[in-house]
Structure formats: structure tokens, C-alpha cells
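**Student:** This structure is in C-alpha cells; I'll ask about it shortly.
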Amino acid sequence: MDWPESPFALPDHASGSETMADAAREIVAAGRRMDRLGFLPATAGNLSRRLSSDRFAITRSGGHKGFLTEADVIEVGLDGQAVRAGDRPSAETLLHCQIYEHEPEAQAILHGHSLAATVLSRFVRDTIVLEGYEVQKVFAGQTTHTAAIRVPVFDNDQDIPRLARNVAPLLNDMPAGYVIRGHGVYVWGPNMKSAMARMEGLEFLLACTLHERSLAR
Ligand SMILES: CSCCC(=O)C(=O)COP(=O)(O)O
Ligand SMILES: [Zn+2]
């Protein structure tokens, strides 16, 4: 059987012991989809999949994530170090480590740089509030469009350990992931399919919010 082109054709069970080959195939498929949706301009973004309690698969640094092959996905430990000497994981690997350490249920993490996330986050202080949209129900525990979902916005920082320290205090309160200002979003889920649904949901809602703000001007 051919591997599905879309991550939405993936099984939706959470697996704590994904093989490296399966993880790489999921990441390649997810990268293609995020690229088609405009979330991965240039060499932006990074994608990962948990392999076990202390290992995960992540994209190499610097390549285009829309044209990944399985060889572009490498194995790292929760300390962010590549398992194989010479492999260079994503520059933002520590942000993935932080989520996997803090969220035992997180099995897949997606980071993209959409236009909506990049622009909107430059015009808010520290939070984007999503409210009034049916699609909010894609996020775990959300049952109504009337809820106000707070998405934290952190200042961008080239010092990733410092950025991670700023993110840490709010990690318990991120039903829809988080945004880095002028940079992009981080979302995760109990499998790749759920992580992708949350990515698409968050991006759709950020685009709606940006449009609303432009119309209100
Ligand atoms: C041109 S994108 C700048 C780096 C970045 O923000 C990103 O998401 C990609 O970095 P990586 O090291 O994962 O390729
Ligand atoms: Zn980035």
C-alpha cells in the first residue's frame, strides 16, 4: 500500500513507539501539506514526531520543508542532540524538546510561518483571542464558538533557550498552541493527524482575525 499523500489519511491512534521510518513518512507528508497551504515559505518551519519517551524524529535544519525526503528527517534525544554524529537538527529543536518533556501526550509537533501568524502577531501585545468561530472546536476540550481561546504571543528571539524560558510559564494553558511574534506558530497533538488539524484550525482562525481587523480599520 502506498503511503498516503495527506496526513489526514494517517491512523489517528496515538503511538508511543513509532518507528523512525514511519515517523519520517508522516513528517514528509505533513511537510507537503503545510507547504501547499502556504505555511512553509523558503526554508521556514520544522516538524517532528515522537519515537519514544526520550527520542523524537525532526527535520534537518535549513532545507525546504515542502520538498522533504525521508533522509531529511533525523533522530534526536530530548536534550536536543542528534543521535548520529554530524546530523544537524532544526535550529528550533529545543522548543520541540520542551513540548515533548512538558506534554507526555504530545506525539507530533508542527511549526509554520504563515502570513497571517507573522503579520497579526506584530499588532498585538501578548495574546491573540479567538472568539466566535465554529472552527475553535478543533482544539481539545472546546465545545462552543462562544468560548474565548487565548493564544499566547512571545517575542521572537534568536536565543532559543531564552525563548523557551519565556514560553515555559504558560505551557499549561495553551489549548491552541502558541505564536512567536513576526515568526510563526507552534502546535502539537496526540498524533500527526490531530496536530495537522490543529495547525489548520489555528491558521484559519488567525487569518479570519487578521481579515476582521483589516475590515474594521
Ligand atoms: C528562513 S526561516 C528561519 C529559521 C526558522 O525560523 C525556521 O523555522 C527554520 O529553521 P530550521 O533550522 O528548522 O530549518
Ligand atoms: Zn521558525
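Indices start at 1 and increase along the chain as displayed.
Note that Cβ sites are derived from N, Cα and C of the backbone, with glycine treated the same way.
According to TrEMBL, the protein carries these features:
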DOMAIN    25-210  domain 'Class II aldolase/adducin N-terminal'
BINDING   His111, His113  Zn(2+) binding site
**Student:** With a 10 Å radius around each C-beta, find which of these binding-site residues (His111, His113) has the fewest other C-beta atoms nearby.
**Tutor:** His113
**Student:** In terms of DSSP three-state secondary structure, what is the assignment for His113 (Zn(2+) binding site)?
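**Tutor:** In the DSSP reduction, His113 (Zn(2+) binding site) maps to coil.
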